[in-house]
Ligand SMILES: O=P(O)(O)O[C@@H]1C[C@H](O)[C@@H](CO)O1
Ligand SMILES: Nc1nc2[nH]cnc2c(=O)[nH]1
């Protein structure tokens, strides 16, 4: 019924990986965190760490991108059990889309209820500045328009329904919580909200592409997150995501600016401390099934 090219993992494969991890740590995470490019410092906030290199975890892909360490870190954040991906996977690394998103299903089977994803992105919104933190309220899934969706293939109802809703992909209470926490921490001047657009990468966008994406309603453009969000929502986890605007998308033929990965990592370094404080404060306020 489904083409031979389907490269998904079965429920049993995911269960085996989750059980392998659970057998080696006493931490029972309720929050899962994904670190974007240059934002791996988030994992260093965890106390009493139990660390696994991706290469040692059954079924796990390997990180191939500079700025993605390739470690799964279990620990507690202000007493709350968490698991953190210090490095994620991208379509452009050549992995099948189901492999990129496999960790979301592992998170679910580990007991994670809430996923917090971060990414580095180019700012399309002309009001955005480098260093702004954008709370993601919605997404544009460009690879999805071309038929590349992580849920393609047989659907296993143990994970979720065949046709999951995405109009509520980004939890509104968590967006409000992020806004409240950001304002409280004094980040109001660089806190934004907006729509994130995913492309396949690895080439950065042309000027014409940036102009088109902006016209379509995107505030920021990147190469990740959306696939993970779809799989996390499919299996019923709550999702919060933010973009660090690491560079301004080039929209003008007179501009001399050129997007580059070094600038992306450098901006990550500069905002690391504030991002870590914001995420860790949010985690302390997320209850298991409600917010305090
Ligand atoms: O993993 P994220 O989305 O943060 O990484 C972005 C997209 C590319 O991997 C890289 C480009 O600099 O940063
Ligand atoms: N596609 C894309 N990804 C990014 N990641 C960080 N900056 C950018 C960007 O400008 N474009």
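Every residue gets a Cβ built from N, Cα and C, even glycine.
Positions annotated as domain 'Nucleoside phosphorylase' by TrEMBL: 31-283. Residues or ranges marked as phosphate binding site in TrEMBL: 37, 68, 88, 89, 90, 120, 224. Sequence annotations record features per position, and here TrEMBL assigns purine D-ribonucleoside binding site to 205, 247.
Features as recorded by TrEMBL, highlighted on the structure.
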residue : record                               : Cβ neighbours (10 Å)
37      : phosphate binding site               : 26
68      : phosphate binding site               : 23
88      : phosphate binding site               : 27
89      : phosphate binding site               : 28
90      : phosphate binding site               : 22
120     : phosphate binding site               : 25
205     : purine D-ribonucleoside binding site : 20
224     : phosphate binding site               : 27
247     : purine D-ribonucleoside binding site : 20
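Of the chain residues outside the phosphate site list 37, 68, 88, 89, 90, 120, 224, 36, 65, 67, 87, 119, 223 have their Cβ within 8 Å of the site's Cβ mean position.
120, 247 are the binding-site residues among 89, 120, 224, 247 whose C-beta comes within less than 6 Å of an atom of ligand 2, given in sequence order. Residues 37, 68, 88, 89, 90, 120, 224 are the ones the record ties to phosphate, and the longest Cα gap between any two of them is 13 Å. Note: the Cα of residue 90 (phosphate binding site) and the Cα of residue 205 (purine D-ribonucleoside binding site) are spaced 16 Å from each other. Residue 205 (purine D-ribonucleoside binding site) falls outside any helix or strand according to DSSP and counts as coil. With a CB cut-off of under 6 A applied against ligand 1, the binding-site residues 88, 89, 90, 205, 224 are reduced to 88, 90, 224. In the set 37, 68, 88, 89, 224, none of the binding-site residues has a C-alpha within 10 Å of the C-alpha of residue 247 (purine D-ribonucleoside binding site). Mean pLDDT across the domain 'Nucleoside phosphorylase' (31-283) comes to 96 in this model.
According to DSSP, residue 247 (purine D-ribonucleoside binding site) is assigned to a strand segment. Counting only the Cα atoms, the space from residue 37 (phosphate binding site) to residue 205 (purine D-ribonucleoside binding site) is about 17 angstrom.
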